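Heads up, the thing below is written out as structure tokens.
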Protein chains: 2
Amino acid sequence: MNESLFPAPAVALAQADVPVWEAVRFTAEGLVPAIAQQHDTGEVLMMAWMTRETLAETLTTGQACYWSRSRGKPWRKGETSGQRQRVLDVRLDCDGDTLLLLVDQDGAACHTGRRTCFYRAADASGTLATLTEPLVDPEVLYGPGGGHP
Amino acid sequence: MNESLFPAPAVALAQADVPVWEAVRFTAEGLVPAIAQQHDTGEVLMMAWMTRETLAETLTTGQACYWSRSRGKPWRKGETSGQRQRVLDVRLDCDGDTLLLLVDQDGAACHTGRRTCFYRAADASGTLATLTEPLVDPEVLYGPGGGHP
């Protein structure tokens, strides 16, 4: 069963010779940005960073594992909050420097308790407006002090 | 008329005090990553980088203008290829370090002539497969040598 808006074709057109490890162009710090998109609604939920090791863990386990730059350690999405991300597909862009994860997100992807991190919009003058309120109080998910990685 | 999958609410919930210029956390190089998503299909097309100035131009003109890191100058999407991106909405994430553009993309967003840059998928073993073929020969868009920014 694949209810993704963006399913992989049943038969891939070609197999590249290189595995994803060799095709990804990590930064000097060993990181690559990863965009998480809800597979069936198309909503872009968040962007975070992965290392070679957390990408490998993500592919192996099927659960999103990022690299927390502030904590300097792997960040298993939902480990504290319960708001897990099941990863259905991992895409790589043309020049190998960005990943796109098609995911199934439990509840809120954002540490503010909102579904998506992209909840502010700028108008033509640059004025920011907040588009959505939290689904859940972040202190319920993370305890006092919140849960930012 | 707004046919976006992700329209802004008719009435924003709150106006933030800060303009987007002050809310964006640019890198030490003065850059911020910007994800471009087709507004009506939800397809994630590409990720590129913006400076304060190219973000300002994008908001003012409604046409995507990135910063080409390789060329060291503004990259007005579609200027050479004709494959322009009209920008319908600019979103900012919770910690201000990533932009999401809801766009209307003419033709191919990718310099390979594909609709999206994310045309390769990794399976659980890390093997990459190519999912789609180009819509158009990049030499038609860019001339011999292609058009990578």
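Cβ coordinates are placed from backbone N, Cα and C, and glycine is handled just like the others.
Listed in TrEMBL for this protein:
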type    : residues              : note
BINDING : A:D93, A:D95, A:D97   : Mg(2+) binding site
BINDING : A:C94, A:C110, A:C117 : Zn(2+) binding site
DOMAIN  : A:46-119              : domain 'Phosphoribosyl-AMP cyclohydrolase'
Residue with minimal Cβ packing [other Cβ atoms within 10 Å] among the binding-site residues A:C94, A:C110, A:C117: A:C94
Entry from the binding-site residues list A:D93, A:D95 having the most other CB atoms no farther than 10 A: A:D93
The domain 'Phosphoribosyl-AMP cyclohydrolase' (A:46-119), counted residue by residue under DSSP: helix, strand, coil: 10 helix, 29 strand, 35 coil
Local Cβ density at A:D97 (Mg(2+) binding site) - other Cβ atoms counted within 10 Å: 15
